[in-house]
Each structure stands twice: as structure tokens, then as C-alpha cells.
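Participant: Supplied in C-alpha cells, the structure appears directly below.
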Ligand SMILES: Nc1ncnc2c1ncn2[C@@H]1O[C@H](COP(=O)(O)OP(=O)(O)OP(=O)(O)O)[C@@H](O)[C@H]1O
């Protein structure tokens, strides 16, 4: 638990965290106010804390320092959490969320009434709670129940908090493993990283070191290698070549830090820890030979799959390998033969249909409809306004005339909704189409129980990652025709793989490319600009002004990110209402990055303050340095099959139940209930990343582009962000950043072998 390299003798302090002034979840850097007994003289403490919450009683060691602006501060070098001993501690502990029926107000009343005896009374004479104003018998029964449950987790909690694990995670660990929690944590702490959302390798590693697992243990090396592959899959990779996995594992497994008496070290402080001023010394230099040996052992045990591609040795996690291999096989089976269809009859149907509707298909569209009649698998791709929807509509009519039973789906709820609106047919998310079964954590529709349809269209198919593509192809009946529609110039899927691009690049599958932009569409500056970007031209965008009537406008928001924040604020406050839009419902800010001043994290705070500020009667929940308020727009960050909410889904906070510790969030007219402990699954979404916006459309998009976003700037990022806007796109930032984005074509390479498997039937 270190914060800086300090040579002065350490002083000690014990107190209760009264409030957290600042906490960076990135670096763990925290400024908090500590109550050591005198509430009028709170002490400012500064240091690095992985998890810190108001109400924790902490024993701290550190040094006193004088800050030039803020005065006397206690710089924490190490700390440990202790059981609450003070009245405030008991009150915060009771109201911390662990005991249902006790919120902060009730906790205050109980402690006011019973003082230091509170815990004793709850333990042995719980009926006496009736003496506390506002507590009825029913509530006492609820408190009693959860107190009993809580007793069994108390031991686990004390153990875990002694090892730096926060209450929230301790509850999750207990929920996951029950009475074997301590056994799991002591024998295989790395299991936590696999089973518990929010605990990563670094936290598990910290716990492991605390419970005495040696840094060179095989256990640790294996977990580290898996972590490297998991991280790579978050960047879209399905495997890693040997010349990457070895140095990456080596770096991860080398332990640097300033050991303290409790054996913990700086590395474990936070999943994202980056910078440090600490003088680090190497405690354990990871051994390359050991990594190579363990890789081989894992291959033998089939914990990893090793393959040799053209040039190098590559390593897969088995699920990725088998999914990629099987997906390729299913695709190849599908394209083995096309259907025997009389093309003259199809042509005459198209002619009759277009004549009766007084429409004319472009030659590319004509080809798409003709091929869709007989191809078992076809890809239809094109940019905005090139008539994909128009073509799909005609294909539907043709399929219907051919007697096909049609199914429609898209990777996200929003894309499915749009597809329904456009086609008039019921469209589902792919997850729903495949009927997810929470019991088996798998899909009910698969090879043995395929979908009941003879033609299927998937819109926004560029968003399909390896796993959902594999699940989908497993569930598609043998003779069913498949039409994948998508815009190949958009960003690839958030999840691992580059499925649509790989399928196209293999040249094994029929692809129809629509390139002509239709007149109605070409009237939109959003669409014209998108095509300019796609061609690599610096886009001609009209500067913003009150008189402008283009749907795509440019605001030079200065070169500094701070100007960007100011510009976003001004647009939301003045321009957007003036242009006839509602900032609370119509606008989405899309950022290239999460971090930084014009990143989603910071902008969300700014926008929340602006669009949904604190107000009388609007309930809220303060968690660390973030606030969640009724009316906030939020985004789900992982697939939660039980709640049926998926990565990227947008919702709105409806109400809090501070007694039962639950919050209702509305997703697409459906209320979903979250335990407070699960709130790390969601984040504020007034601003979201462009990556997460794929498949969604918004009336108004504000797109800040700054050179600070350099690492992320690319043509397809800019293009994807811009084309999310349906009525108005406001691009702000520096011209240099726009130029960099337009020039940067190199899509970050994704390590996938679907293309090769399709080409060579590997
Ligand atoms: N053959 C056609 N004849 C006349 N109008 C057409 C034709 N094809 C498309 N359009 C019109 O062009 C516009 C864009 O077409 P459409 O919406 O199908 O494109 P899209 O590729 O689906 O675009 P996006 O990806 O932005 O949804 C629409 O107004 C559509 O009615």
C-alpha cells in the first residue's frame, strides 16, 4: 500500500473515512477526509488505494507533509482496514449495503439510539430495535434475516478485507463460492479473475501474494499467460504469436514494487495502474525459459492450442481455436452448393415487382436480389445511403414469393429495432433469436435444435464477433439461406475476431458491394461527408453558425482538450436547444477514447452536471468518486444473460431502493433490477466511446476529435462515429486531428485465422 517513496520515519493514524474527495479508478490515487474522533477537524489523507469507501475504519501509516495550497496532509504509505470501533464506523458499516433493511438513515437512527452497544444489541437482543423510531416489526425480521446471512460471510469479509479486498468484491466472492470462499481464495486466488467480473489478474495476484503464493509459482505463470491472451482478445485478437505472448507474459509476471510489511506491492493496487513516482526495485524477474516451458505444458494439457501458421508459432485459448475452426467448417459446408433456382423466373419476378411498384433497381441492387434467390450464403455490403435497406426489402418480397420462412436479427437490440422498423418484420437480437438459456449458460438453438426458418437476414453483421457468429451458424438449418448485411468500412466487432472482413477477404463467399449513393441520401451532408472520409479526402464540412442548415457541421473547438469540453458544454446549453433538439433525449456525445479530458469518463461527469444535475427530489447514489442519479443515461458493460442486458445496451436510471440496495434501470421499456453490488456492470453514458456506439443511431451526435486521441484516430473510427448521426452531426476539434483520422487507414491488425481456414479448409 504505497504512495510515494518516503524516507522519514512513519507516523500512525486510525480513523474512519468520512468522505472521498477524489479517487482515480485508473491509478488508485485518492484524496479523502479521515475522522480520527473530532468531526470538526477532519484530516486530509492522500495516497494510493485500490478500493476505498466512506465508512471504512483504517489504520494508516505515513508521513505528514505540507501542501503549498491545501495545507497539512497525511501521505499514506500503507494501510489496513480494521473492524469499526467508533460510532461513525459502526454507522457506516451498518449502512454500507450489506444489511438489507438498513440504509444510511436507519443506520444513523440505530447508532444514535444504542451507541457503541449497537452490534451487541443486533446480535443478542434484536427485538430491541423496535425502540428505534421508524423501525417496525417487519423491518426487524428483514434485518434479522440478513444479519444471520451476513454472519456467515463475516469471517470471509474479515479475511478478505485483511487482504485489501473491498466490501463489494467480498460480497461477490461470497456469492460465487459460498462457504468455500476462503478455501478458494487461499488455494487458487487466480480463480477469482476467471469467475468474478471486476476482479482481474492483478487483483488476484495481489491476493495471491498476500496469502503466500510465490511469484514464480507455476500457478501464477499459467494465470499470467491466460491473462495476456484475455487482454489480447479484448483488443479483438483470437490468438497471439509466440514472439508476442512470451515478452508480454514476461513483462506481466515480473514483479516490481516497494514491498511493505503486509507483503503487498504497488502492482496489485489497481487493474489499470500506470504511472508511478515510486523507486521500484525488481522483486522477481520473470524467466523466459520458464514461460516457454509452461506454454508447452499448457499445450500438452490442452489448456492452450499451439498451431504453426505460414511464418510462426501461435497460441490460442481452446475456446477461441475450436470456435474459429468450427465456424470455418460450418461456413464452408453452407457454401458447398447453391440452391437450384430457375433464374429466368426470378428475373421475371423482379421485373414484374419493380414495374408494379414503379421502382428501378440499380444494376448492383439487381444483382443482389438475383443472387439472393439462389445463394445459400451471401454478403451485402455498402456505405450509408447506398440502398442496402432498399435491396433487403426487395429480397424479402422475393423470398416471400418463393415461400421462404424468414427470420431477421441483428447483434444489438437497437439495430434489431431499426431493422424491424425498416422491414416491418419482427427482428430480434441474435442472442434472443438463439434463445439463451441461463440454466446451461448456452443457447437452446444449436446444431441439434436448429432455428425454424428457411431464410435469415442479419443486419449490422460487421459487429458479429467470433463467438456469436459461431453460435449463429451452429443454429442455422442446413438448407436455410443466409444474407449478411453490413458496412465493411465500419469498425470491426467489439469482441474478438474480424468475421465479416475475413469472410470477404477469403473470396469464398458471394459478396455484392453497393457503391452508388442514391439521390435522396446524397442530399445529406452526413452521408456525403462519410463517403469523403471513406475515400481518404479531408471532408468539406460547413462551419457551425446559427444560420447553418446543413445536417453536418464543424466547430473548430481549439487545439486544447479543455476547449473541447467547453465547446461541448456550449453546444448542449445553447446550440442544440436552438436547433430544436432536446439535449436530454436526442444527443449522444461519442468520443474516440475513455481517458483524457475529452474522454468519456470526464465528459460524463461534465454532461451529468449539465443535463441531469443534482436536484431536490431526484434520488442519487454516491459510489467512490462517481454519482448515479435518477434520470441518468447509462450503458451496460458486459453481457448479462440473466438480466438479458448486453454489452453496449443503453438504459435510464429510474429509482433507487436504498433499503434493499437495488436500483431499477429501464432498457427499451423494460425495467431491470440491479443489486448495488452489480453496479460495476454499468457506466454513465451521456458520452460513450465510438466503439460502443456501433449498431446504434442517434438524432444528434457530437463528435470531438483531438490530437490527444492520436492512438485511436482512424478513418473507420471517424466514419463509424459520424454515421451514427441521423439528423445532425456536430464535429468539433482540431483540423490536425481530422487530417490524422482521415489519413489513418491501417486498421489495427487483428490476429485471426478465419480467412486462412476458409481459404485452405484448415
Ligand atoms: N433503387 C432505388 N431507387 C430509388 N431510391 C432508392 C433506391 N435504392 C435506395 N433508394 C433510396 O436511397 C436512400 C438510401 O437507401 P437505403 O436507406 O436503403 O440505404 P442504406 O444503405 O440502407 O443506408 P444506411 O446504411 O444509411 O441505412 C433511401 O431514401 C432509399 O429510399
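Glycine residues also receive a Cβ, built from the backbone N, Cα and C atoms like all the rest.
Annotations in TrEMBL come from automatic prediction, not curation.
Below are the features listed in TrEMBL for this protein:
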BINDING   385, 386, 387, 388, 389  ATP binding site
DOMAIN    12-84  domain 'ATP-dependent RecD2 DNA helicase OB-fold'
DOMAIN    149-239  domain 'ATP-dependent RecD2 DNA helicase-like helix-hairpin-helix'
DOMAIN    603-667  domain 'ATP-dependent RecD2 DNA helicase SH3'
DOMAIN    684-731  domain 'UvrD-like helicase C-terminal'
REGION    257-284  region 'Disordered'
Participant: Name the residue among the binding-site residues 386, 389 whose Cβ has the smallest number of other Cβ atoms within 10 Å.
Facilitator: 389
Participant: Near the ATP site, what residues other than 385, 386, 387, 388, 389 in the same chain have a C-beta no further than 8 Å from the centroid of the listed C-beta atoms?
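Facilitator: Filtered neighbour residues, in order: 382, 383, 384, 390, 391, 514, 518, 521.
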Participant: Do you know the DSSP helix, strand and coil residue counts for the domain 'UvrD-like helicase C-terminal' (684-731)?
Facilitator: 14 helix, 19 strand, 15 coil
